[in-house]
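Let me begin by presenting the structure, written as structure tokens, before commenting on it.
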Amino acid sequence: MKQKVIVGLSGGVDSSVACYLLLEQGYEVEGLFMRNWDSATNNDILGNRNINDDICPQEQDYLDAKAVADKLNIKLYRVDFIKEYWDYVFSYFIEEYKKARTPNPDILCNKYIKFDKFLNYAINQLNADYIAMGHYAKVEFNKTTNQYELIKASDTNKDQTYFLSQLNQKQLSKTLFPLANLTKEQVRKIALKQNLITANKKDSTGICFIGERSFTNFLQNYIPNQTGDIVDIKTNKVLGQHIGVMYYTIGQRKGINLSGMSEPYYVADKDVKKNILYVCSTSDQSYLHSTSCLVNDINWILDISKYVDDINQFECQAKFRYRQIDNKVVVKKIDDNNYQVIFKKPLKAITIGQQAVFYLNDICLGGAVIDKVIK
């Protein structure tokens, strides 16, 4: 009897090809299109260029997913996780921004929606043996350690293990990543050869519910402007006005709106209580560097005692944003939920609220939220 796989069919080329490959491998395949955002329900008006369109981008994605399902002769279901997304992902996202932190909603979406609500729906409602996604990542079972390992994809430029760092053993045991050993170019070639409508569809970029528009406009739907001073962190001189410290991220250069300066300025720090945005000039970028950070809400994907000699202090690599190169670090345990991450060399623009994701070569060990940056 064939094993049944429910694919998260999003209307993009990656999930389309994932469906095709699984069919070729002999699985029983069905698609499930999920909708996590509703602009009307969520009062998403400001800057939303699609608000009056006859067909919103999400509905077009569904039509593309349906066309792929029809082409491959598989069933396609659809399900809404709009309330769940708001409760588990978006509420946290907004609360973090109100604190002038910079969260990563894609990581939370994977943890709570795609690999939890979606997974449970696929297994309990659609009788799936596995789910599959169009992510670029690998899952392998290590018989020596008796652990499912999340491993970097062959296409290192597209590798998405950073976004999957909050998953657990149960989730990995039920997940297939058919694109693990393919490059994006190879995926598009397969889609073209199979005449899939999504073959040349543009990749989605940025945060899914914002789309192609001003991030500031989007946030203004939920957080009111709070004007304050922009201050040179070195001289303490007021250089201008900002519209709210939550709209800026550490290391940001564009959009600070400081005119008449002799050189570019970067966001160096944020004081939420005083509502001050601190900036530094290009020649003073040392203010962007730090030597370590404190992290919490740690998630170890696997039993790290089977991978490191001393779980209280060990060396590994870490990424502090997507597509960043691996950085050598020492991870030092403070208690069960708090760790210090010491950098082998100073790093630039480490951002509170973002994820620190840990690797042992190509194996993703897990991730944690950056809570404090130590200069």
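Cβ from N, Cα, C; glycine included.
Long-range neighbours of M34 (ATP binding site) (same chain, six or more residues apart, CB within less than 8 Å of its CB): G8, R78, V79, D80, F81, I113, K114, F118. The feature ATP binding site is assigned by Swiss-Prot to G8, L9, S10, G11, G12, V13, D14, S15, M34, G134.
The active site, nucleophile annotation in Swiss-Prot covers C109.
Annotation source Swiss-Prot lists site 'Interaction with tRNA' at H135 (among others). Classification of H135 (site 'Interaction with tRNA') by DSSP places it in coil, neither helical nor stranded. The Cβ neighbour count for H135 (site 'Interaction with tRNA'), using a 10 Å radius and every protein chain shown, is 25.
The active site, cysteine persulfide intermediate annotation in Swiss-Prot covers C208.
Look at Swiss-Prot and you will find Q354 (among others) tagged as site 'Interaction with tRNA', backed by sequence analysis. Q354 (site 'Interaction with tRNA') falls outside any helix or strand according to DSSP and counts as coil. Over all protein chains present, the Cβ of Q354 (site 'Interaction with tRNA') has 24 other Cβ atoms lying within 10 Å.
Among the recorded positions G8, S10, G12, C109, the residue whose Cβ has the fewest other Cβ atoms within 10 Å is G12. The record assigns G8, L9, S10, G11, G12, V13, D14, S15, M34, G134 to the ATP binding site, and the maximum Cα to Cα distance across that set is 16 Å. H135 (site 'Interaction with tRNA') is 11 Å away from G12 (ATP binding site) when you measure Cα to Cα. With respect to H135 (site 'Interaction with tRNA'), the closest of these recorded positions in Cα terms is D14, chosen from S10, D14, C109, Q354. Separating the Cα atoms of S10 (ATP binding site) and C109 (active site, nucleophile) is a whole-number distance of 14 Å.
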